[in-house]
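Asker: Pasting a structure below so you can have a look.
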Amino acid sequence: MYRKAAVTTVSNGSYLQGQANGRLPSMDSEQPAQEGKVVLKKKVTLLRGISIIIGTIIGAGIFISPKGILKNTGSVGMSLTVWTVCGILSLFGALCYAELGTCIKKSGGHYTYILEAFGPLPAFVRVWVELLIIRPAATAVISLAFGRYILEPFFMQCEIPELAIKLITAVGITLVMVLNSTSVSWSARIQIFLTFCKLVAILIIIVPGVIQLIRGETQHFKNAFAGNDASVMGLPLAFYSGMYAYSGWFYLNFVTEEVENPEKYVPNVFLDF
């Protein structure tokens with residue numbers, strides 16, 4: 001006689017919850033494993049999904065990037081061309097991610113799609129670079145801009161101390177971390193509120209500009225391409241600034257499993273964008 005080896009399988013990275021008495025479900029149990037599967041609560045509605053996309057796109061980048069684009073292009077006309085091309089590229093990317101979000105209904109974004117297409121090694125390298133380089137750098141830029149803008153009204157007559165900016169930045173990062181760890185619903189509500197505030201700030205900039213154009217203030221568009229010639233080294237930096245300003249259209253795919261009816265809402269969110 002011999003003892004048959006027990007084989008434990010875990011499919012799709014899911015875990016089985018314990019029973020009420022603290023024991024793991026039996027392998028011989030007639031209860032299907034799917035009933036004990038741990039899943040994310042679907043708390044992201046259509047409005048919350050739209051606020052995630054708009055809130056991440058309209059961030060620090062839209063207020064920082066225009067200076068870099070105009071500086072590296074050398075003229076108003078070329079800068080508008082770069083803005084247009086970056087917007088078209090971002091639109092194509094958003095449409096592709098809308099298709100991926102409906103086909104692969106898993107959270108994770110870039111990592112999940114690379115894992116499905118190319119396997120675990122490229123996916124691990126991608127998420128490793130994301131966690132150690134890309135995400136900390138992007139968070140630092142956004143957080144430092146947040147700290148500077150918050151303190152700007154209090155230091156209008158003098159330079160803002162760097163230590164004060166760093167302290168406000170650390171407080172902001174901590175609050176966001178605690179909020180997202182505590183409640184998805186509350187973080188989504190605050191995301192909607194902040195998105196509304198960002199839209200108001202953008203309108204405060206856009207509406208006076210449109211009024212000036214209606215009044216005939218178009219001298220900057222005459223000979224729009226005249227000025228300093230764009231250098232070979234400057235154009236890539238201008239495109240990088242433009243793509244950074246538009247970045248954020250892919251964030252909804254990081255929480256696909258939390259979206260209500262992703263087959264319907266994910267494409268609608270990207271189409272609204």
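Think of each number as a place in line: the chain as shown, counted from 1.
Any Cβ shown, glycine's included, is placed from N, Cα and C.
As listed in TrEMBL for this protein:
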type     : residues : note
TRANSMEM : 46-64    : transmembrane segment
TRANSMEM : 76-98    : transmembrane segment
TRANSMEM : 133-151  : transmembrane segment
TRANSMEM : 163-184  : transmembrane segment
TRANSMEM : 190-211  : transmembrane segment
TRANSMEM : 232-252  : transmembrane segment
Asker: Counting CB pairs under 8 Å, which listed stretch among 46-64, 163-184, 190-211, 232-252 touches the transmembrane segment (76-98) the most?
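Answerer: Between the candidates 46-64, 163-184, 190-211, 232-252, the best contact partner of the transmembrane segment (76-98) is 232-252.
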Asker: In terms of Cβ proximity under 8 Å, which residues at least six beyond the ends of the transmembrane segment (190-211) contact it?
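Answerer: For the transmembrane segment (190-211), the list is 47-48, 51-52, 54-55, 58-59, 62, 179.
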